[in-house]
Structures are given as C-alpha cells and as structure tokens.
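S.K.: Please see the structure below; I have some questions.
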Amino acid sequence: MPAPFEKGSEKKGATLFKTRCLQCHTVEAGGPHKVGPNLHGVFGRKSGLAEGYSYTDANKRKGVEWSEQTMSDYLENPKKYIPGTKMAFGGLKKAKDRNDLITYLASATK
C-alpha cells in the first residue's frame, strides 16, 4: 500500500520536475503537449482526458480522478498503476520525492 500523501517542499518539487518530468511535460496554461500531456488543470480531471493529447486505451479506461493521493500512487510505479501506459518514467520510489513533486504540481498546474 503506497504511503499517504503529505504536503512536501514546493521548491524541491520544482527541482524534481525540471530534472525528471520537464523533458516530456509542461504545466502552464496553454502549454504544448510534448511526449507526455500538458499537466495544467490535471488535479480533479480524469485520466486520459487532456484535450488534444493522444492517450493509450489503458489511460482512457483507467478513469481515475487525479488527486494528490492518486497522483502519488501513480508516480510510485506508473506501469503498475496503469498497465499499458506509454509513460516511460520508472517512478519515484521515495514518498518524500513524490510529496515534494505533487506539492509543486498542485501549485504550478492551477
């Protein structure tokens, strides 16, 4: 069972995003999709629904609503959480890293 989400360091999360996520994702409103979808407005949205992005059927079928907790569960091991996802990222094994990244994303994607 994944660790429960706890608010982390937004600053450390921003650094993690730059080093682990930015090559495939953007966060700003109107930002482009890259290899992965733009993440603006991701919290509260169901998986596989970012307009204009081509998702796998697995992402569309999962139908999870993204919250801090579901994002943490996903980021621990994306391919286990959504088998068939095209996200190549292996995951963040440390709960602290996930908490920091999600704290940043919760702010940066509003």
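Using the three backbone atoms N, Cα and C, a Cβ is placed for every residue, glycine included.
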S.K.: Which residue of MET71, MET87 does Swiss-Prot report at the same heme c site as CYS21, CYS24, HIS25?
M.R.: MET87
S.K.: Same-chain residues six or more away whose CB lies under 8 A from the CB of MET87 (heme c binding site)?
M.R.: CYS24, GLY36, PRO78, LYS79
S.K.: Where does LYS79 (N6,N6,N6-trimethyllysine) sit by DSSP, helix, strand or coil?
M.R.: helix
S.K.: If one looks at the chain holding CYS21 (heme c binding site), which residues at least 6 apart in sequence have a CB under 8 angstroms from its CB?
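M.R.: Once residues fewer than 6 apart are set aside, CYS21 (heme c binding site) is near GLY36, PHE89, LEU101.
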S.K.: Inside 8 A of the center formed by the CB atoms of CYS21, CYS24, HIS25, MET87, which other residues of the chain have their CB, for the recorded heme c site?
M.R.: ARG20, LEU22, GLN23, LYS34, VAL35, GLY36, LEU39, PHE89
